[in-house]
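Peer 1: The following block contains the structure, expressed as structure tokens.
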Amino acid sequence: MAPILKGEVDIVIPTIRSLNFLENWRPFFEPYHLIIIQDGDPTKVIKVPEGFDYELYNRNDINRILGPKANCISFKDGACRCFGFLVSKKKFIYTIDDDCFVAKDPTGKDINALAQHLENLTKPSTPYFFNTLYDPYREGADFVRGYPFSLRAGVPTAVSHGLWLNIPDYDAPTQLVKPLERNKTYVDAVMTIPKGTLYPMCAMNLAFNRELVGPAMYFGIMGDGQPIGRYDDMWAGWCSKVVCDHLGYGVKTGLPYLWHSKASNPFVNLKKEFKGLFWQEEMIPFFQSVTLPKECTNAQQCYLELAKQAKEKLGPIDPYFHNLADAMVTWIEAWEEFNTPAKSNTNSSESA
């Protein structure tokens, strides 16, 4: 069987170590192109198993390619992955962490996570009316009685958010009180997150349509030299969801699962997250209440407006948010250097 959408997908992997984990994914990833973002020491040699088609960028490469704009790409943090989103030329991105392995479904069959993500992304979403059989476009499901016929065509799907068996994606306080907790529950479901509802987006197992929402998938400035970490994917998730809601695109969560092999150190995580645990109580209400003008018809325009409003509303909390908002603008400037303008969607949520 030929690989699905082989020429339209890049797999982006941030790492500080040799990528032996790819052997586990070989049956599913080998046909695709990989973009590896080496974090940390750029002189370290990262080994990639033979047979994979890849390009690798370290910090020296990022500085050389972006010049002064390189300050918008985080260092010593998984947020560096968004450089891969920037330089990709493909329609779809799948990003995965290097401590994640192939999971098995309840029948014992290996799960092709990438194939499930692509199925999610190439079928519509239903953000305006919840279907109680979840994804109506899956085999064996449909729209239930009482579902409006006018909404059954759905909207384009921009984001597919997958889940994890074994180690859950917990914050440090939850890790500390539940150190032995493991996720053993496989829920065979894909659902659209309703319009107006935010969610905690984890980048361990994430795919998106770069043409629709790529400019909004910026993971902020985190890690080295910054007062916060481990909120890179949260920030990108909140921003991209607001942008999707405005433009009339869908976000799905659920399948596919992968196997998350190890928990990071909760004490190290607490140091990184500490300010974020307080700040999120103000960040989230900002994203819940933010509105974008109808003149914003593509992801770039929406993101620049979000940067402006974030600086105005979140800036008083801490100077960090002024720097983050400036980095958001720099990110869009870099995006426009590397990419053609994002697609506009005139059938946005304003008319839904």
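A Cβ is built for glycine as well, from the same backbone N, Cα and C atoms used for every other residue.
Below are the features I grabbed from TrEMBL:
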- R145: N-linked glycosylation site (CARBOHYD)
- R145: site 'Required for activity' (SITE)
- R152: site 'Required for activity' (SITE)
Peer 1: Can you tell me how many other Cβ atoms are located within 10 Å of the Cβ belonging to R152 (site 'Required for activity')?
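Peer 2: Other Cβ atoms found within 10 Å: 15.
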Peer 1: For the C-alpha pair, I'd like the distance in angstrom between R152 (site 'Required for activity') and R145 (N-linked glycosylation site), rounded off.
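Peer 2: The separation of the Cα atoms works out to 12 Å.
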